[in-house]
Amino acid sequence: MKETKVQNTIAGAKGITFSGDTFVVPETHDMVKTLFDPMVRKSYCEMIILLILAANGLVFWLINNNTLRIETFIGLYIFWRLSYNFGIGYLLNVQSNHHRLVKWARKAQVFKKNGSLVSRLAEKEIKSQMGPEYDVQKYPIEFNTWLLFRKVVDLILMSDFTTFICLVVVCAINKDYQFINSDQQEVWLISTRLILGTVLILFNLWVKVNAHNTIKDYAWYWGDFFFRQINNEDLIFDGVFEMVPHPMYSVGYVGYYGFAIISKSYTILTVAIFGHFLQMIFLHYIENPHIDKIYGPSGNEADIEMLLKLKDLRHFDNIKPLVGLLNFTWLRASDMTNLIMVGTYSFTIPYLASLVDTVRVGETGVNPGTILFILTIVIKVFESLSINILLILQSYYKTFTKWYLSNDISVEKTLNNWSIMYNSLISLTYSSFFGLNFYHVLIGLESDKLFINSWVYLRIFLGILLVFTQVWINSSIIDSIGYFGWFYGDFFIPKTSQQKAHLTKAGVYRYLNNPEQIFGVCGIMGVTLIIPSLENLICCVLWVTNNFIRINFIEKAHMIKIYGEREVMKDSGVTKTFKKHLIPGAIQRRLSKGSEDNSDLLNQHRRKSTIMAGATDSLDNFIKELKNTNTRLTKQNILELSQNLYFENSDYKLVIKNLNTTENNLSTAFIGEPIEVEWKAPENHSPKDWIGLYKTVQTTYSRYKTLISSSDRWTQVTSDSGSYVFEGEKLFWEEGIYEFRYHLDGKHDVAYISEPFELTSANIEVPPSTEGSIVLANELKAKVFDRAIVGFGSIDSPIDSAVQKSGSIIQTYNRLAYVISKSTGIHINAKVFLYADNEDELTVHKLSLKLINIRKVLDDLSHAHYPLSEEKKEE
């Protein structure tokens, strides 16, 4: 029962065995329909299964003593649960690793027409399942073995569930129908239990139904242990599988806890925990290894993933950094310091405090518990303010990095030192909180100081569950984004081409965008639930508030600056699933209306409303796709696709001058070309109005408010109408789709958005011989160097001398390398300029000779005789 990509197990689906035999998979039915639908024929095994299930009712009727009933059904449930997790687990394990079930069937000649009792029984059973027209000999032995294995699964799984339900019933009616006895519990509590339990059961039912609709019988019965379905190479994450990892084993068991709540029985709760625990063992040792073997990465991919994890450690002196006390190393000074600190605040101080009744503060005696509480609050407030302020200063002003560089410490060292500081402060807060509660345990909990005194075992169970959830979530986060992400590496290390250009959507981030927002502090909630005192409640509120502020107002803002709105605000799996099931389909399908001439194209590419913008392609990608089509769009269509018609009747206007128009009616300009924008505003407009230049792919999510910085690509609106030329540092120096935005009153509220336009590279053809070097040099100078460097000299002027006069040497070299690579189709690195044999003597003319030589070498290697510029166009 796994998240397997499968079309269906109906006629027409193609199957292939592990030995290479292909076949058409016939129709099969799910467990419930097979057993309980009177319209579906019953096999001999299925009739036996129904009799065994009915026998549970006979056990209930024959045993009059309810205590004996409970003990009997506990024994039966344990038997069937062990049969499931260890019996079926063993069969699947030997089948996965050795194809043992198929070998047994082949050795016993189960499906041979030899007249033996075994073969006749097997044939009758399969034909009673599949119909008399089913020919056992025409199908692979693997598929027939799977059909018989399904009956074993049906027997064990249905018996497991039936005995559990019988146990729920006998526990619920115990002690004079305790689950609804108003003499034992108040009516409002009974009603709350029944409603909550029913909700959990219905949710569990939805999970099971949705899971089966997604994975079908093939994966429900572990079909890929026996054969594969063709075009079924990847796991699928859809429906409930997009909400939580392994839903059949995680939230697929919440119904068990719902039954425990309804029955008001700790016996049922204990049995549910026992069954769920065994199921997780089954997942870890049987299910996951097979998933990794069948759907996991290849050997090379696994090696690459391991190398990436090792490279993640280069910022931490190539040793896993300390997270809490995880990765502790005796020979690392910071680890020893953390160990002493954690031990002191968690155990030593609370123990010493428990030895005294009061602590003298001046003339007043103060309870040690009060001092520990104040200490915990002070430490948490200090950690919250210091970490948050440092992250803000680092995000906007690079304060942390600048200090290290000013002291001749490399950038790579900043993240390692930050990780030590961050982990020490976090460990200090948790140690002080633990110490506060440890002190109260040592002196004995006073019931009058607790909000809740009842349901002790339930509180302990839920509290421990929340603590383990936080530990699991934190480990999943580190596994997904590495230590670099855990310690806010994006704040400290500049993003390079080697780093990921997109935020990860693997692991726990497939289901939640910010899993740490709630689950990152649920351990504190768990401790508060176990010891529900006012002190713990205040601490819990403080933890949750700080976590919310740090993630939503500091981390998210920085991620938007680095990766853009579109990347940060993608819907998580849970959000997608809730939208799919809660938002009416008519709203989801509503698209902008387009012209009749382009209706097919617009229906395919048009953006949805702003609410659903997260599920659409960017205008940037759309225009790139448009280049490969023969469809012509009008400027009106382009404006409509970009959602700029929102401002059609605005009193504010922006018009971009001197743009080129392609045959697809797209407005373009060459990288580095000055761009003049004219504005028109009402007479009473604010003198603080301003115009900024943005990349559309980073502003897709908000057409009325700009959420990212203009990075100094802006100008003040000084009059009711006028124009301004964006050039040099005011421009973007990379290809893409861009737009100008008119903002109001010095803020980021948008009054008008210009038509989108594309920045492209000029087409410069590199000649095949040095005879054309002068022409190439002049073209490079005119289309690249004159635009990138103000006042550039001749083609024989040293490039380095001109670059030295620019604002940023490295940035200028990177721009030159990028534009030349895009324009010529020959990739060069900034190292061409930085590591030249004699930087002072490198000229545009000599650079053109280098390009011609590179082109010649590439042509010789590829035996190609077409111009590189033509190849570039095709790309």
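Each Cβ is built from the backbone N, Cα and C atoms, and glycine gets one as well.
Taken from Swiss-Prot, the feature topological domain 'Lumenal' covers 1-42 (among others). Summarising model confidence by region, the topological domain 'Lumenal' (1-42) averages a pLDDT of 69.
Taken from Swiss-Prot, the feature topological domain 'Cytoplasmic' applies to 64-71 (among others), supported by sequence analysis.
Swiss-Prot lists 93-152 (among others) with the feature topological domain 'Lumenal'.
When Cβ-Cβ distances below 8 Å are used as the criterion, the topological domain 'Cytoplasmic' (174-186) is approached by residues 66-67, 70, 193-194, 262-265 of the same chain, each at least six residues removed from its ends. Here Swiss-Prot flags 174-186 (among others) as topological domain 'Cytoplasmic'.
The annotation topological domain 'Lumenal' is assigned in Swiss-Prot to 208-242 (among others) on the grounds of sequence analysis.
Marked as topological domain 'Lumenal' by Swiss-Prot: 287-338 (among others).
Under DSSP, residues within the topological domain 'Cytoplasmic' (360-370) fall into helix, strand and coil as 3 helix, 5 strand, 3 coil. Under the heading topological domain 'Cytoplasmic', Swiss-Prot lists 360-370 (among others).
Sequence-distant contacts of the topological domain 'Lumenal' (392-424), counting only residues of its own chain at least 6 positions beyond either end whose CB sits under 8 Å from a CB of the stretch, comprise 314-317, 321-324, 334, 337-338, 341, 483-484, 487-489, 491-494, 554, 557-558, 561. The topological domain 'Lumenal' feature in Swiss-Prot is assigned to 392-424 (among others).
The topological domain 'Cytoplasmic' annotation in Swiss-Prot covers 446-459 (among others).
For 481-517 (among others), the entry in Swiss-Prot reads topological domain 'Lumenal', with the evidence type sequence analysis.
As annotated by Swiss-Prot, topological domain 'Cytoplasmic' applies to 539-875 (among others), with the evidence given as sequence analysis.
Marked as transmembrane segment by Swiss-Prot on the basis of sequence analysis: 43-63 (among others).
Per Swiss-Prot, the feature transmembrane segment maps to 72-92 (among others). Long-range neighbours of the transmembrane segment (72-92) within the same chain, counting only residues 6 or more positions beyond its ends whose Cβ lies under 8 Å from a Cβ of the stretch, are 56, 59, 63, 100-101, 149, 152-153, 156-157, 159-160, 163-164, 166-167, 170, 222, 225, 267, 271, 274-275, 278-279, 281-282, 285-286, 290.
Under the heading transmembrane segment, Swiss-Prot lists 153-173 (among others).
According to Swiss-Prot, the feature transmembrane segment maps to 187-207 (among others), an assignment based on sequence analysis. Away from its own ends, the transmembrane segment (187-207) comes close to residues 179-180, 240, 247-248, 251-262, 264 of its chain (Cβ-Cβ under 8 Å, at least six residues beyond either end).
Residues annotated as transmembrane segment in Swiss-Prot, with sequence analysis given as evidence: 243-263 (among others).
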Close approaches to the topological domain 'Cytoplasmic' (360-370) from elsewhere in its chain (Cβ under 8 angstroms; 6 or more beyond its ends): 353-354, 436, 439-440, 443, 535
For the transmembrane segment (43-63), could you work out the same-chain residues 6 or more beyond its ends whose Cβ comes under 8 Å from its Cβ atoms? 34-35, 69, 72-73, 76, 124-126, 128-129, 151, 154-155, 158-159, 162-163, 166, 169-170
Between the transmembrane segment (243-263) and the stretches 153-173, 371-391, 425-445, 518-538, work out which stretch tops the count of Cβ pairs under 8 Å. 153-173
Of the listed stretches 153-173, 339-359, 371-391, the one with the highest count of C-beta pairs below 8 angstroms to the transmembrane segment (266-286) is 153-173
